[in-house]
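Novice: Sharing the feature lines straight out of Swiss-Prot:
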type	residues	note
DOMAIN	17-101	domain 'GST N-terminal'
BINDING	Y29, H58, V72, E85, C86, H133	glutathione binding site
DOMAIN	106-233	domain 'GST C-terminal'
Amino acid sequence: MNGRGFLIYNGGEKMKQKMIIYDTPAGPYPARVRIALAEKNMLSSVQFVRINLWKGEHKKPEFLAKNYSGTVPVLELDDGTLIAECTAITEYIDALDGTPTLTGKTPLEKGVIHMMNKRAELELLDPVSVYFHHATPGLGPEVELYQNKEWGLRQRDKALHGMHYFDTVLRERPYVAGDSFSMADITVIAGLIFAAIVKLQVPEECEALRAWYKRMQQRPSVKKLLEIRSKSS
């Protein structure tokens, strides 16, 4: 649809909902929501407001009033409702058209997707993030007020173990949570994007993971995201 908004379904009745997303275009966590929006053909309908993490804008009172955790992305609806956390935002946008494609349709699909999505966070994406913030310059000394290099390096090793785990998974099936692309795939993609930023290479022996990621990079939603990252970096 044209304009800044989506047609959503409320008891079978179509309603228009305007949305703002606060993020940073090059961010791996915002990448999760941007890929999901592209998969749902909603990317061009959202108003994006850039938050400069390197200047610490996510720690300022005006942003903390929107998200106590001080993280991006954050979704703001036209009634003032604020939704933070990538999984929650993805759940919301996936259900807007009444036909969820990323978070599962059946209880079984939902359970497996959420399990694998959480594993992608715990075993790959979040450890890479900790490595970035603690064992590299991160966002710079004005933002990174406390660093524990030893902890960061341990999390780097955890991320590498996570890559081996997902390689094992992808030797058995085409996608992270089964036979179709889902939110769990998006989270692994974000983890590998972040790994590339911090120059943490996928091990050569993880052939299935490497082949899967090469295939995912050809997916239109991921291609679009990588173009956005390239222009904003």
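Cβ coordinates are placed from backbone N, Cα and C, and glycine is handled just like the others.
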Novice: Looking only at the domain 'GST C-terminal' (106-233), what is the model's average confidence as pLDDT?
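Specialist: Averaged over the domain 'GST C-terminal' (106-233), per-residue pLDDT gives 96.
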Novice: Need one number for the glutathione-binding residues Y29, H58, V72, E85, C86, H133: the maximum pairwise CA distance in Å, whole number please.
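Specialist: Looking at Y29, H58, V72, E85, C86, H133 as a set, their Cα atoms extend up to 19 Å apart.
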Novice: What does the DSSP secondary structure composition of the domain 'GST C-terminal' (106-233) look like, as residue counts for helix, strand and coil?
Specialist: 89 helix, 2 strand, 37 coil
Novice: For each of the binding-site residues (H58, H133), count the other CB atoms lying within 10 A of its CB, then report the residue with the highest count.
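Specialist: It comes out as H58.
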Novice: Check each residue in the chain of C86 (glutathione binding site) that is at least six apart in sequence and keep those whose C-beta is under 8 Å from its C-beta; list them in sequence order.
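Specialist: Once residues fewer than 6 apart are set aside, C86 (glutathione binding site) is near Y29, R32, V33, P73, T187.
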Novice: Restricting to the chain of V72 (glutathione binding site) and a gap of 6 or more, list residues whose Cβ falls under 8 Å of its Cβ, or answer none.
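Specialist: Set apart from V72 (glutathione binding site) by at least 6 residues yet with Cβ under 8 Å, we have Y22, D23, T24, G27, Y29, P30, I51, L53, H58.
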Novice: Might you list, by sequence position, any residue in that chain lying six or more from E85 (glutathione binding site) with a Cβ less than 8 Å away from its Cβ?
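Specialist: Set apart from E85 (glutathione binding site) by at least 6 residues yet with Cβ under 8 Å, there are none.
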Novice: Which of the three DSSP states, helix, strand or coil, fits C86 (glutathione binding site)?
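Specialist: Reduced to three states, the DSSP call for C86 (glutathione binding site) is helix.
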